[in-house]
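Lifted from Swiss-Prot, the feature list:
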type: BINDING; residues: 30-37, 149-152, 178, 186-189; note: ATP binding site
type: ACT_SITE; residues: 37; note: active site, proton donor
type: BINDING; residues: 61, 155; note: (R)-pantoate binding site
type: BINDING; residues: 61; note: beta-alanine binding site
């Protein structure tokens, strides 16, 4: 696997592959990789002739009260894991390469409506940072397909909407959430949890399972959400939000909506965890 910080080297290699009629898949990450990321790479290997990954801890998507410097950097281990999974090219730019004029002077991409609720309400500017860096990475790599985990359902919808609205010739593929045996969604943030906190954090998935079953049995969504809040609080969570929305646009679920998603964000100690569960009724 080739690792480079050079935009020109990425473009040269991808152009060479495309000139042969070969397809390119792209998996952007922030590093500190776990099995969920590796699953994305392995799925990409199945779907394209070549796989490009990136590792960039994007300062634009971190809020003022979020410690960018504390995010784990594990480049050597990440390189080995990506290579073993089948990635051929790894882009590891610095903030100065991605934002040469600084973030304040950087042109940006903002997806309205979807970006402003749920995680967007709790983390103002977060999805502007996500959309901007993903747009820039897409322009650098020029992939045919790009893969993202469904664990961050809102992020996936933001990216799908951006690609559609801006007519980008890229197929976006969502890959199912990878979970630990307890049901806890795999996340780089799980490393911040003690074993006791990890055990209690598994309640997040169980709560969503209970909620989806209750809604499918005809219970009121508001009553189900209220019960879910109680279940999370009893496990030691501090819920940020717990909502039931339409999968198409994240609008509040109406009686006509059949394709629904439960979206949750909650703090276990100082660690903010997110998860979601899609279901039909």
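Indices start at 1 and increase along the chain as displayed.
Cβ atoms here come from the backbone N, Cα and C positions, even for glycine.
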Distance [Cα-Cα, Å, rounded] between residue 33 (ATP binding site) and residue 155 ((R)-pantoate binding site): 18
Residue among recorded positions 36, 37, 150, 178, 188 with Cα closest to the Cα of residue 61 ((R)-pantoate binding site): 188
Fewest-neighbour residue among binding-site residues, criterion Cβ within 10 Å, set 61, 155, 188: 188
Rounded Cα separation (Å) that holds between the residue listed as 'active site, proton donor' and residue 155 ((R)-pantoate binding site): 15
Which same-chain residues, if any, lie at least 6 apart from residue 30 (ATP binding site) yet have Cβ under 8 Å of it: 55, 56, 57, 58, 71, 188
For the residue listed as 'active site, proton donor', the number of other Cβ atoms found within 10 Å of its own Cβ: 25
Neighbour-count leader, CB within 10 A, binding-site residues: 33, 178: 33
Cβ contacts of residue 36 (ATP binding site) (under 8 Å, same chain, 6 or more positions away): 149, 151, 177, 178, 185, 186, 187
Chain-internal residues near residue 150 (ATP binding site), provided their CB is under 8 angstroms and they sit 6+ positions away: 156, 174, 175, 176, 177, 276, 278
